[in-house]
Amino acid sequence: MKLLFQSIGQRRGLLLLGLSMTFIMLLGLFWDDDSDDYAELSRLMLQLKTLDARFDRDMLRIASFLMVQYDPLVKTSNELNQIRTRFNATADRDHEQLSEQNRLFWQTMKTKLDLLEKIKFQAALVRNGIHYLPTLAQTFNQQEPAHYNQIVEFINQLYSYQLSSADSHFNDILGSLEQIKQWSLSSTQSRDLVEQLLFHIDSNLHGLAKLDSLKKSYLEVPSQTYFSALHEQLEKQRVTETAIKRQLIVLLSLSVCALIIGLWLLIRSLHNAHLESKRAWNRLHDAVDNLSEAFALFDADHRPVLYNRRFEAFYPWLKEYPIDSLTLDELQAAVAERTEYYSLEGSLFTDPRPQGQYVEQIDNNTWYLASNKPTSEGGMVCVRSDISASKRAEADSRKLSRVLKQSPASVVITDTQGVIEYVNPWFERVSGYSAAEAIGQNSSFLKSGNLSRQDYETMWTRLKAGREWRGMFHNRHKDGSTYWESASISPLRDEHGKITSFIAVKEDITAQKLAEDQLRMNAAVFDTTAEGIMVTDAENRIKTVNPAFTRITGYGLDDVLGKSPQLLKSGRHEPAFYEQLWNSVRQQGHWSGEIWNKRKDGTLFPEWLSISAIKGANGDIEEYVAVFTDITQHKENEEQIRYQANYDALTGLPNRTLLSDRLKQAIASAKREQWMLGILFLDLDHFKVVNDTFGHAVGDELLQLVAARIKACLRESDTIARFGGDEFVILLQDIAETDSVAQVATYIIDQITRGFSLNGREISIGASIGITIYPDDAANADTLLQNADMAMYQAKERGRSTYQFFTLSMQQKTLDRRQLELELRHAIKNGELEIYYQPVVNPSLNQTISVEALLRWNHPKRGQVSPATFIPIAEDSGQIGEIGRWVLSNACRQLKVWQDAGFSNLKLAVNLSSRQRELGLEAADLQQVIDQAGIKPESLTLEITESLLIRDTEEALVWLSSLKALGVKLSVDDFGTGYSSLSYLKRFPVDALKIDRSFVSDLPEDLEDATLVKTIVAMAQNLNLSLVAEGVETQQQAEFLVNNSCRNLQGFYYARPMPAAEVGTWLSKPPSNVTSGPTKSLFTDSE
Amino acid sequence: MLLAVAFKKSLFLLTLFISLLPLATASETKSEPIKPLVADLTIDPKLVALGDQLFHDPRLSKDNSVSCASCHQLSQGGTDDKPRSSGVDGAMGEIKTPTVFNCSYNLAQFWDGRAVTLEEQAAGPIHNPVEMNSSWSEVRAKLSRDPSMVAAFNELFDDGISSDNIATAIATFERSLVTINSRFDRWLQGENSLTEQELQGYRLFQNYGCISCHQGANVGGNMYAYMGAMGDYFESRNSKLTRADLGRFNVTGQEEDRHYFKVPSLRLAAINPPYFHDGSATTLEEAVRIMGLYQLGREIPEAHIQDIIAFLRTLIGEHSKLTP
């Protein structure tokens, strides 16, 4: 109702306003336009009047010859032309009534100007004539003086006429002309002159007449009349038009007033009618407003008739619009801004004017069922009801269903018994079973069997108790492969709370598990590798380091996290080094090489470093991984190897290898420079004693001191090398004479024999030196050394702590030795070797205990060769192996012969050389010998020297033990001469000792020896070792020994070594001293 | 081209400046029937330049062979030396080409004064079949194909290339063609720039009455006169009467306008033979003599003719385009 009323009121108002506007505009048009035009025309009229007056004035000036040049006139006519153009332009616009007057006026003006043009010319013509006549008169004065006065008279008449224009003057002129024509003139010239005069006067008169008539015509032109007419017409027109306009205004004003009054009456009556309908309307409106649906009604012109409040509530943004005046189209456009339309079937559509029923979704996710139905009068009724709730429920359910279908997790729903009721597509993907295959099966059909029965029972217990279960399944895919799933199973209850089914949501975590394993493994590698690992980010800030890093550098992760690896910089490398390093990393992705870094404690260390750039998916470097190993040890080893190869570890002196090099170089330069070299081969005297007495540690220390002392004796250019053991070689360069070499040797010997103080002990040793001279003694290094060695032996033989130059005789000796060695080879074959046996007796028991096998060489040319000579040769050349075996087997066979002959308790002692072990004599060989001989192993005693026990202790022990295991006995020969210590007696499986002959020979007079022997006896008794005394030559000796409980004696006193045949005899008939005691004096053994 | 225009423009301004110097210093102009020529300083130099270009543009003719300057040769005094000029395809004109110099001082254009303004005049030769034999539409079309022309017009006019604008440009250029600073003008302004003979010539020019028609700044051009005021020129001419001989009759159709012509300017007469509308007088002496005979009804002695000619020569002023 209100709307309707308003719209009527508005329409009326608009009508009124429109009418008023129209009138005002009309009036304005009349007023403004015309008044401007009239003003312009009036102004132009004024100018025209001025110009017209100017033309008139100028005409008069021309006609009276006052104007000598016409430029101003041209200017005036140009101005007139301009005014005419403007005047016509203005006048022609609206004033047809003016055109006739206008045309007439301009016609007049044109006539006037044309006349003026003619006047201009005519005036010029006349003026020329007037001007010429006096000149002509002057000519007459010269040619016809008689007529001159008459001519002047005539000209005056002419001028008078021109000035007065009186007819009387004209008659006078005509009379004068007749007179002139009557003149009788004699000369042709004069006649021509008169003719000329008459012509000009005639022309002048005519011209004057014409000018006069033109002037008259000009003045007669009624320009003023036409001007006035035009002006009058204009005025009249203006007055008329003004009057009409006034009448119009009055008329219009009256009409407007009438209209307004009519309108007001109309509005009043309408207002009353509407008041009534308004109440009815309000009721309807109220009802509509209270609908739960939105409602809007539009009339046939689609103007709004009614909106209810809901409508605004449904479309909140309409508040920004003047909703009460929104037309249907505007409304629909406004609604469409934030609304999407769906058909009832649910398809989206766009239609600026949707009709019928459809669904609207506005952007706050509210849904309306919309209905736009035409009304009978051609309008439109729009109804909207909110269906958001049902829409949302529908959407939710659809969403849920989609969630299940599209979920990237397996979803399985079972009944309370575990029978599968539903599986989603993801389940199908993961398990390989289709829904059809799975549904109806018990969920346990997926079991891989890797989980225990108990696990499943726990699960079911929990579930049946209505609680949720989470855990992992190890299931089997349809194709047989297994996979891991993380599952969450929960019971589903109906509205009464009863469990109806179980729902399992499972995620395939196989890949995750694999990745975890991989990660764990990587982490373990990272943590346990011996190589330091450092990871930095793209800006080269440390992200992590591994324990090895900390171990190597001393920096923990906390120390370095977020810092630059530059903190490790050693400062040993140039910036260019790092630049090259990073260039390589950035361009090739990696670098590896040796680099010096600094530890936390500031120490520098070399490392072998590999840096790799790790690029991300986009190809940019994301991380740098540096892996390094501390190569300090490696580097030290390298240097050590180099050092060890050339230097002696103990003394730091060049070793044999380096010496050999130096010697060769020295020889080369000596050869070149023609100088001499001296080679000193030094061997310490009694060094073994020191070693055995004070231990190797002291021995080593002594060697170092010795080395230092020798070094102090030498020049810088000389070389001292440790050749091995206690042997040193000194190389003297560029020696002038051999005497100086001798001086050096003497000096060195003096220095060494000075004695050393070690650990509070005074130790005295000596040194023997052999000297060779290059090039005198030999030309090459090896020979020089050999010769020096030989000379050194010679020095030793000469009594130690002395030096010996190499001589030719020494060479000779060497050659002899070689010869002997050669001959020895043939000796065995040729049967030149023979075994002698020396009995060992027990005087107390009056018994021969055993025999000692002793080797003899019956050289065909040299006679008997001393074992002291050839045994060392055999040992050196290795022949001892063969010889020793030969001795053993022959001696054992011999023993067997004797035992079989009735001396069944006789035993055999065979000397064993340590070289035999080296040459391959093993327990098996010995066993073979014993077996072949057919003797009991107990009856064989192997005699070894103390030196064998001392050297190669461990191996010797093993060897001797293996022999001992056969059942043979071991005896230590020459006991007391060496550097014996009691310790080895304990360690070695020794059965007996043989007291060296040197202790026996001075018995019993030498008290020291006697004490010693007594001590040895006591010791042997303590250690439960049996004893044999060697070299017993006298009865006193025998008695002393026997009295001091050394019961087994060997020596010339009882028997010399004898060939086997003699021994047999000897055994059968032993001499009386064996049986009756040691009374007989004997000779010493040949040794 | 632009440069040339600029150069000409500057030269023009320079000439103007120089010519104004005596003006500025002159005490007072003598009161004589002849007035000094004055250049119009208010005209737009850009428009003058465009007009200059168009004035020399043969595209204004049908076959692009003839420009305004073909007949109005500026360096020759603004006309040619033929009794009748030839147009496109060698067509012969029917009348002697009048000079274009100082034409703005004329009361109307053409010998018969049929064009009241210079703008009106410009259209004449373009449409004349024996001159350019073209039309506005043709000329507009041709010029519109030239981007530089289009640009030049667009710069000066709101409506670009149009007939009115072409005419305006040419007319403006023509208004700039004022031959100022002649010796006679300088004399008028108080300089002692004339010889005794020339002064004598001027006196004779006045005494014989030449001055009656040939007066004003342009020494003519501001009135009409009958050819043969004091004698029948055409009968004596001894040649057939042509349409051109009818003069203003061709414009008004009135019997009284027969042989009625615009009085030509004598400013450049000394260098612009042949003379009269029919170009019949080939020398200035002859022209002066014939004028004396038919317009003044007098025989002017040879000595006086020479003096008058001497005077006429002092009327020639200066302009950058004119190099006499």
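Including glycine, each Cβ sits where the backbone N, Cα and C put it.
Record check: TrEMBL places B:CYS210, B:CYS213, B:HIS214 at the heme c 2 site, and the matching candidate among B:MET132, B:MET149, B:MET291 is B:MET291. Listed binding-site residues: B:CYS68, B:HIS214, B:MET291. Those with a CB under 8 Å from a CB in chain A: none. Counting every protein chain shown, 24 other Cβ atoms lie within 10 Å of the Cβ of B:HIS72 (heme c 1 binding site).
Across the domain 'Cytochrome c' (B:46-177), the model assigns an average pLDDT of 91. Surrounding the centroid of the Cβ atoms of B:CYS210, B:CYS213, B:HIS214, B:MET291, where the record places heme c 2, the chain contributes additional residues within 8 Å, namely B:PHE205, B:GLY209, B:ILE211, B:SER212, B:GLY220, B:VAL263, B:LEU266, B:GLN295, B:LEU296.
Applying DSSP to the domain 'Cytochrome c' (B:196-316) sorts its residues as follows: 59 helix, 9 strand, 53 coil. For the binding site of heme c 2, formed by B:CYS210, B:CYS213, B:HIS214, B:MET291 according to the record, the largest Cα to Cα distance is 11 Å, rounded to a whole number. According to DSSP, B:CYS71 (heme c 1 binding site) is assigned to a helical segment. Just so you know, the Cβ of B:MET291 (heme c 2 binding site) picks up 24 other Cβ atoms within 10 Å once every protein chain is counted. In this view, B:CYS68 (heme c 1 binding site) is surrounded by 25 other Cβ atoms within 10 Å of its Cβ, with every protein chain counted. Remark: B:CYS213 (heme c 2 binding site) has B:GLY220, B:MET223, B:ALA225, B:VAL263, B:GLN295 as non-local neighbours, by Cβ distance under 8 Å and separation of at least 6 in sequence. Remark: secondary structure over the domain 'Cytochrome c' (B:46-177) totals 68 helix, 4 strand, 60 coil, with classes taken from DSSP.
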